[in-house]
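Residues or ranges marked as purine D-ribonucleoside binding site by TrEMBL: His4, Glu179, Met180, Glu181, Ser203, Asp204. Residues annotated as domain 'Nucleoside phosphorylase' in TrEMBL: 16-227. Under the heading phosphate binding site, TrEMBL lists Gly20, Arg24, Arg43, Arg87, Val88, Gly89, Thr90. Look at TrEMBL and you will find Asp204 tagged as active site, proton donor. Residues or ranges marked as site 'Important for catalytic activity' by TrEMBL: Arg217.
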Amino acid sequence: MSIHLEAKVGEIAESVLLPGDPLRAKYIAETFLEGTVCYNNVRGMLGYTGTYKGNRVSVQGTGMGMPSAAIYIHELINDYGAKNLIRVGTCGAIQHDVKIRDVIIAQAAATDSAIIRNQFPGFDFPQIGSFDLIKKAYEVGTDKGLSLRVGNVLSSDVFYSESQEVVNKLGKHGVLAVEMEAAVLYYLSCKFGVKGLCLVTVSDHILTGEQTTSQERQTTFNDMIEVALETVSK
Ligand SMILES: O=P(O)(O)O[C@H]1O[C@H](CO)[C@@H](O)[C@H]1O
Ligand SMILES: O=c1cc[nH]c(=O)[nH]1
């Protein structure tokens with residue numbers, strides 16, 4: 001047991017999918033995994049282990065934002081030995097040619113969070129994904145015929161941003177979308193020497209105001225989930 005997870009050591013697989021929404025974790029476990037066991041319900045932050053095509057995989061909700069996600073990612077790696085961690089999240093697009101329901105592979109993440117900056121005063125730590133997982137995810141997605149986008153995302157501490165000009169400026173510098181967890185996943189993966197990847201599906205378009213429903217965010221986006229499951233099974 002760790003502070004926020006009630007699993008016994010050995011009950012969590014080395015490969016873990018990380019949705020922000022714990023009910024998306026339940027949906028993934030029930031829809032895609034076999035022989036599934038729920039190992040965590042502390043704070044309702046559901047976690048499951050099962051198999052996908054014979055490979056052991058876990059799926060753990062992280063909550064919203066980097067402070068929450070960092071707790072689960074830290075404990076999964078430090079207390080349970082997770083080695084491959086793939087976030088399966090939603091995001092808001094900030095490019096006109098990125099469309100609702102597109103799947104993005106976050107190559108790297110800019111952030112307005114102080115969590116990482118405070119570790120290296122005066123330096124900017126490069127928050128990058130695992131090349132191995134990025135390459136595998138790209139191959140899997142391309143084989144499935146998906147038009148994946150690969151590029152930078154913004155991991156923001158703020159959902160209802162009051163500095164939209166900065167977000168728009170990041171868009172002008174090629175950032176594809178805004179979400180709230182990738183940067184800390186990439187930082188902690190580098191810190192602990194494990195592999196981290198963030199996949200996000202576009203749920204909102206910040207430039208056009210288009211949106212998907214909360215039900216869709218919880219129980220669809222299957223392309224992204226299959227890419228993540230095939231990537232950790234490759
Ligand atoms: O759908 P999830 O994975 O939670 O991701 C996005 O959705 C939440 C905001 O609605 C934030 O956690 C953001 O990163
Ligand atoms: O606009 C959005 C949509 C999902 N997640 C975010 O952080 N922002």
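The backbone N, Cα and C atoms fix where each Cβ goes, glycine too.
In sequence order, Val42, Arg43, Met45, Ile71, Tyr72, Glu75 are the residues near His4 (purine D-ribonucleoside binding site), counting only same-chain partners six or more apart with C-beta under 8 A. Less than 6 Å separates the Cβ from ligand 1 in the case of Gly20, Gly89, Thr90, Glu179, drawn from the binding-site residues Gly20, Val88, Gly89, Thr90, Glu179, Asp204 in sequence order. The binding-site residues close to Gly89 (phosphate binding site), defined as a CA atom within 10 A of its CA, are Glu181, Ser203 out of Glu181, Ser203, Asp204.
In the predicted structure, the domain 'Nucleoside phosphorylase' (16-227) carries a mean pLDDT of 96. Closest to Arg217 (site 'Important for catalytic activity') in space, going by CA atoms and restricting to the binding-site residues Met180, Ser203, Asp204, is Ser203. Most Cβ neighbours within 10 Å among the binding-site residues Gly20, Gly89: this distinction goes to Gly89. Among the recorded positions Arg24, Arg87, Val88, Arg217, no residue is identified whose Cβ is positioned under 6 Å from ligand 2. Listed in sequence order, the residues of the same chain lying 6 or more apart from Glu181 (purine D-ribonucleoside binding site) and placing their CB within less than 8 Å of its CB are Leu18, Gly20, Thr62, Met64, Gly65, Met66, Ala69, Arg87, Gly89, Ser155, Cys198. Most buried of the recorded positions Arg24, Arg87, Arg217, judged by other Cβ atoms within 10 Å, is Arg87. The 10 Å shell around the Cβ of Thr90 (phosphate binding site) contains 22 further Cβ atoms across the protein chains shown.
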